[in-house]
Structure formats: structure tokens, C-alpha cells
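Note sheet for the following structure.
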Amino acid sequence: MPSFDEVLQKAGEFGRFQRRVFLLMCLTGITFAFLFVSVVFLGISPDHHWCQGPSAAELAERCGWSPEEEWNRTAPPRSALESGVRSDGRCERYELEAANWSSAADAADAAEGGLSCSDPLAFFPNRTAPLVSCQGNWKYSQSHTTIVSEFNLVCSNSWMLDFTQAVLNLGFLAGAFTLCYAADRYGRIIIYLISCFGVGISGIVVAFAPNFTVFVIFRFLQGVFGKGTWMTSYVIVTEMVGSKQRRIVGIVIQIFFTFGIIIIPGIAYLIPRWQGIQLAITLPNFLFLLYYWVVPESPRWLITRKEGEKALKILQSIAKYNGKYLSPNYSEITVTDEEVSNPSFLDLVRTPQMRKCTLILMFAWFTSAVVYQGLVMRLGIIGGNLYIDFFISGVVELPAALLILLTIERMGRRLPFAVSNIVAGIACLVTAFLPEGIPWLRTTVATIGRLGITMSFEIVYLVNSELYPTTLRNFGVSLCSGLCDFGGIVAPFLLFRLAAIWLELPLIIFGILASICGGLVLLLPETKGIALPETVEDVEKLASGHLEPDFY
């Protein structure tokens, strides 16, 4: 009986059918990118926020102040001192209770016939008053509402904004393990459709969350299902095509993720409220439910479930759509009788070469996630025009896939992987110490760094799958890529907390991590022109170069 690959070759390895499925599934990358970076626009910090005391509120209403005027006349200045300690004027308020205002008003009435709306502190001793911490009643000068103003994620609660992104990445991590297992057991397309429905429903609940707790819970669930849509779409695309096209489509599908990065600033610019942005990036997931009628189950998966007849029927449909003809001789297809093994983490570290590859790849996944997400979220705190800067940073990512395709078959995997990390690291370090007076140079160097880490992020997908044997490949890639989601959990805290100390400090950390990673990946074996390893022994031979080349 013919094998699956032999039948696929006759039906067409990348014909009209596969191109249609490829394009449809690639659209998932756009919506996943929306979810991945949405916190940058959902969590924009207002220009001014301050605490409004009850008496100040009465005065603001009587004087008819605008929010900006109220900020200037009742909020403590950032340079105010209380007991010798520098105070953040936006996180504390003057203790101007009704009695204080009445006393000042009485003095004002006696002196000038009324409390001055232009200088309400004029009649207080030393033109100031005691400072107290805010217990609510936050006011914001910005007309655009964000989750920061919706849930008062400022001052002592500012860490909660970091937490929302960490929770999303925790959802990614949970989705990578639970839905990856489910897709292997119950099928690719059914888990994809469930994930699309789940990310849509949870995203709607996020948009209308009545409190921060509900927001966080359903943002976690959106991360779980969002990772399910991305992983299963990636698997479906790579399993539908021939082996020659698998590497190319695996890289090109990530270009659609970049398209999402480019599109989202336009959505955020046109929609003033965070709820509208959340709905705009969530609702398209429901359209993917229509794929039930146009995207079949992966025939490769059906073969692993010993359902050769169903797989053959799908292959016949593929051949017909591609204008090919399957001979009646292809009435059966080879179904493996091998029992599926249950790999463990010990299998990945038991032998020297496997141990080295596993540890380096785990660090590479972690570094790629921390540096990439850190650079993306940093755009939200460095000032400038966020929408234009974010758009440009997305456009910069587009050449990454082209550079990868041009280099990995000529130079191999290891050198581009190492160089992209080192370039990203050096760019981060240089940007941190460039003077503010030459913004064009800072932007140029930072752009090079973003391009480098994007290339690294895309190459690690390929290298990880090529360095593990068939018996451990799925488990090994899932485990190592889990460090990517863990890096995403760490990244927001690393960025925002260190930036509070010094704005450029996160760049130094990113630069060090990427540079170390670049050096470590040079220790990995080269896999260019080498057949995929089938066993652990094959991986051990990679170090000595004894594995046979792949001439196919």
C-alpha cells in the first residue's frame, strides 16, 4: 500500500486546494497578533491622573473648571515635598476637607468677597496643605478611555496593568499544553473551531467586564483559546502540504502575524474607547467558524488515528480540486501499527547532545519572548506618537521572513540564528546609551534590534523541530516553547518595573539576554541539508556530523 506522502504527491503537494487552506488559516495569525499586543492600546496611560477630594470636587463644579484646569489648580505638583520626601503629585491629594475650604472661604470673603477660582490655595498657609494618599475618586484628563482609567490601574495599582499581560501569557501557556493535547487526541479542525468560538466569547466578556476580577479571568481564557487558534492553524497548514513546502509555509504564515501588528494601530486610532478596540479585534474570530465547511480535518492526523479511509477520501477531494487524478490503485493507504510512546522530560536531558540542545533551546525561546514582547510594549511608554511608531515597528518586521528564506538554505540555520540575536542585543545596548537629542539615530538602531529579534523568534520555531527526533519532536517543541509563554509572563513586570527606575534599564537587560543567547546558539549543531533525526542516537551523531545528509 502507498504511504501518505506518496498519495499526497499524486494529489498535489501545494495545489489550489492547499493554497486556499493556507490563505484561510493564515488569517488566524492576524487576529492572534491583535490579542498578543493589544495591551499596548487597551492600557494607554492617560496624560494626567489625579485624586479628587470631596471639597475639590465641589469647587471644580462651582468654578466650572475643565479637567486640565482642575489638574493644574488642585493637584499637588510633582515637586511637592512632604516631610522631606519627594511626592508624586498624581498619587496623593491635598487634605482639603470641607472645614479647611470653609475657613479659607471665610478669610476670602472677608478679604476679597469670595474664594478665588484662579488660585484656590492662596489663603492657605504657605500656599499648600498636608498630603494624603488617595483612596479612590481618580480623575483623568484624557477623553479616550482605557483599562487604566476604567479600573484605576495607577499609582499603587499600576502593577495590575503588568498583571493583565502576564495573565494573558499564562493563558497562552495553559493553552499550549491543554489544547495541544486535545488537538492530538480529538482532531485539528474541531479544536481550532472550538478555540475560535472560545476566544470570541471570552473576548466579548472582557469588553463588558463589570470589574477587574472578571476582566482578568476572561483575559486568561482568551489567552488559552487564542493560543489554540494559532497552534492548530499552524499545524493544519504544515500538515496539508508536502515536505518540500513545509519550511516555507511555516515561515510565511508568521508574516500574517506581522500584518496584525501593522493593522492594530489603525484600529486603535479610529476607535476611542478600549471596549470598542477589544470588540474590533475579537469579533473576527467568529468568522473563522465558517471554515467548518471549507477546511477538512488533517489527513495526516487521521492516519495517526488509524482512519485511513477518511484520510483517503479527503486526499481524493484534494486531488479533484487540484485538477489531479488519483488512480483506483490508491484504494488504501498505509496506516502505521506503531504504538505511541509516552516521552518524558528525562528523555530530553538524558544524553549529552540532547541535554545541550534542550537547555539552549529553552533559553532561546525565553529570550525571544522577553525581548520581543518587551520591545513591543516599550513603545507604549517612551512617548512620541504611539500609533505611527507602532505601525513603523510592524513594517520593519516584514523583511525578517524574507531574510530568513534567503539565508537558511545558503548559510544554514545556526549562523543566522546567532547573528540575529547578537544584532538585537547590541542594538538594545547601543539604544540605551544614545543621547535623546538624536531621535533619528535612536529610532534606526532600535529598528535594527526589532528586526533582529523578530528573525530570531521565527528561526527558533524551525531549529527546534529539526533538532529533536521524531519520537520526541512534538513533546520537545511543546515543552521548549512553553518557555516562550513563561518569558511573556515575565516581560511586562521586567519592562514596567525596571523602567520606573530608569527608562533605558530594560533595554540593557534585553541586550544582555539576546547577546548571551546569540553566543549559546553557536553551540548547537547545524541541520542544513541533514535528514530529520528519527532517534536520540541520530541527535547524538549530529555533533560529530555523522548523520546522513538529506538529498530529497
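Keep in mind that glycine also has a Cβ here, set from the backbone N, Cα and C atoms.
Residues annotated as domain 'Major facilitator superfamily (MFS) profile' in TrEMBL: 114-529. For the domain 'Major facilitator superfamily (MFS) profile' (114-529), the mean pLDDT of the prediction comes to 85.
Proximity of distant same-chain residues to the transmembrane segment (21-44), defined by a Cβ-Cβ separation under 8 Å and at least 6 residues beyond the stretch ends, is recorded for 142, 144, 146-148, 153, 161, 164-165, 168, 196, 199, 203, 222-223, 226, 229-230, 233-234, 236-237, 240-241, 249, 252-261, 263-265, 267-268, 274, 277-278, 281, 284-285, 288, 291, 294-295, 376-377, 379-380, 386, 390, 492. The transmembrane segment annotation in TrEMBL covers 21-44 (among others).
Look at TrEMBL and you will find 163-182 (among others) tagged as transmembrane segment. Same-chain residues lying 6 or more positions outside the transmembrane segment (163-182) and placing a CB less than 8 Å from one of its CB atoms are 35, 39, 43, 147, 191, 195, 215-216, 219-228, 231-232, 373, 377, 474, 478, 481-482, 485-493.
Within the chain, the transmembrane segment (189-209) has long-range Cβ neighbours (under 8 A, six or more residues past its boundaries) at 28, 31, 35, 175, 179, 182-183, 215, 218-219, 221-222, 224-229, 232-233, 236, 275, 278-279, 281-283, 285-286, 288-289, 291-292, 295-298. Feature annotation from TrEMBL assigns transmembrane segment to 189-209 (among others).
Summarising the annotation, TrEMBL assigns transmembrane segment to 215-236 (among others).
Under the heading transmembrane segment, TrEMBL lists 248-271 (among others).
The transmembrane segment feature in TrEMBL is assigned to 277-295 (among others). Within the same chain, residues 20-21, 24-25, 27-28, 30-31, 34-35, 38, 41-42, 189, 192-193, 196-197, 199-200, 203-204, 206-207, 222, 229, 236, 264, 267-268, 271 sit at least 6 positions outside the transmembrane segment (277-295) and bring their C-beta atoms closer than 8 Å to a C-beta of that stretch.
Distant neighbours of the transmembrane segment (359-381): 37, 39-41, 43-45, 165, 169, 261, 349, 389-390, 393, 417, 421, 424, 428, 446, 449-450, 453-454, 456-457, 460, 463-464, 467, 479-488, 490-492, 494-496, 499, 503, 506-507, 510, 513-514, 516-517, 520-521, 523-524; these residues of the same chain sit at least 6 beyond its ends, with a Cβ under 8 Å from one of its Cβ atoms. Feature annotation from TrEMBL assigns transmembrane segment to 359-381 (among others).
The feature transmembrane segment is assigned by TrEMBL to 387-408 (among others). Among residues of the same chain six or more beyond the transmembrane segment (387-408), those with a C-beta under 8 A of the stretch's C-beta atoms are 40, 247-248, 251-252, 254-255, 258, 261-262, 264-266, 268-269, 375-376, 379, 415-416, 447, 450-451, 454-455, 458-459, 462, 528.
Annotation comment: TrEMBL describes 415-434 (among others) as transmembrane segment. Residues of the same chain lying 6 or more positions beyond the ends of the transmembrane segment (415-434) and with a Cβ under 8 Å from any Cβ of it are 364, 367, 371, 375, 403-404, 407-408, 441-442, 445-446, 448-453, 455-456, 459-460, 463, 504-505, 507-508, 510-519, 521-522, 524.
Here TrEMBL flags 440-463 (among others) as transmembrane segment.
Residues or ranges marked as transmembrane segment in TrEMBL: 475-495 (among others).
Within its own chain, the transmembrane segment (501-524) has Cβ neighbours under 8 Å at 356-357, 360-361, 363-364, 367-368, 370-371, 374-375, 378, 381-382, 414, 417-422, 424-429, 431-433, 452-453, 456, 463, 467, 494-495, counting only residues six or more beyond its boundaries. The annotation transmembrane segment is assigned in TrEMBL to 501-524 (among others).
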- Task: Would you kindly list the residues that approach the transmembrane segment (248-271) from elsewhere in its chain, counting only those six or more residues past its ends and only Cβ-Cβ distances under 8 Å?
- Result: 14, 22, 25-34, 36-38, 41, 233-234, 237-238, 241, 277, 280-281, 376, 386-388, 390-391, 393-395, 397-398, 400-401, 404-405, 454, 458, 461-462
